[in-house]
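Now, the feature entries from Swiss-Prot:
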type: BINDING; residues: 22, 23, 54, 55, 86, 87, 197, 198; note: substrate binding site
type: ACT_SITE; residues: 85; note: active site, proton donor/acceptor
type: ACT_SITE; residues: 196; note: active site, proton donor/acceptor
């Protein structure tokens, strides 16, 4: 499949697609939520697998990738953009909004507010990438919503890379996840934030490891609802039916395509993204 060039911007209408991107497959968890909430919407998905993991990259690099991908989706005529990556949101969403002030844009951020409201022990755990945990955006969330609770943060190097291979159950990922969960349980966390869009795919495994009293919180459903609000406010809700989702990958497209069925996705034609 040849590289897909950036086209000239198209005037988006109600039936134009929504662009969704992540550093890899993690944003597919958000894509699932969007499909459930907005079944009439046609979707474009770009996995920047050639530059994963974002969580270990510099903010400057992530900003550059965010703007390149935003330009691409804008050129494809997307009527809205979902930054389905916590790290990319923390580093780059403000820059995208500055470039496209009239474009409906939804970002991700760890669910600090609902977690602080849900905890009974007063101790909240956060599983996230290093980039998210070190961001000014995350620090601001803690200052704003978590002043009355204790927050235990746990960076999770290696998890994203394993999930990218479709590995959700192997002994290797079990051992790694157990290592990251144990400090949170030792600190009496009764509410754990999944602060990376890859991590909802590990919910079944986490349920095996955690007491039933521990609540897991992610923001995929909230992002879908926010997208619904923005599209409704702009008069851009689609009447349907939704067209097949189009996928792009900045790595070898066939590799991404083989993983889709493992992550509850219909197999699809994956195109090459080389920018």
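First residue shown is number 1, and so on along the chain.
Positions of Cβ are set from backbone N, Cα and C atoms, glycine also.
On the structure: features taken from Swiss-Prot.
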residue: 22; record: substrate binding site; Cβ contacts under 8 Å, 6 or more apart: 28, 30, 46, 47, 48, 84, 85, 88, 197
residue: 23; record: substrate binding site; Cβ contacts under 8 Å, 6 or more apart: 47, 48, 49, 51, 52, 53, 54, 55, 85, 87, 88, 160
residue: 86; record: substrate binding site; Cβ contacts under 8 Å, 6 or more apart: 108, 109, 110, 128, 129, 132, 195, 196, 197
residue: 198; record: substrate binding site; Cβ contacts under 8 Å, 6 or more apart: 24, 25, 26, 29, 159, 160, 163, 164
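Packing around residue 87 (substrate binding site) is summarised by its Cβ count: 33 other Cβ atoms lie within 10 angstroms of its Cβ, all protein chains included. Listed in sequence order, the residues 24, 26, 27, 53, 85, 88, 129, 131, 132, 160, 196 complete the 8 Å Cβ shell around the substrate site centroid, once 22, 23, 54, 55, 86, 87, 197, 198 themselves are left out. The secondary structure of residue 86 (substrate binding site), as reduced to three states from DSSP, is helical.
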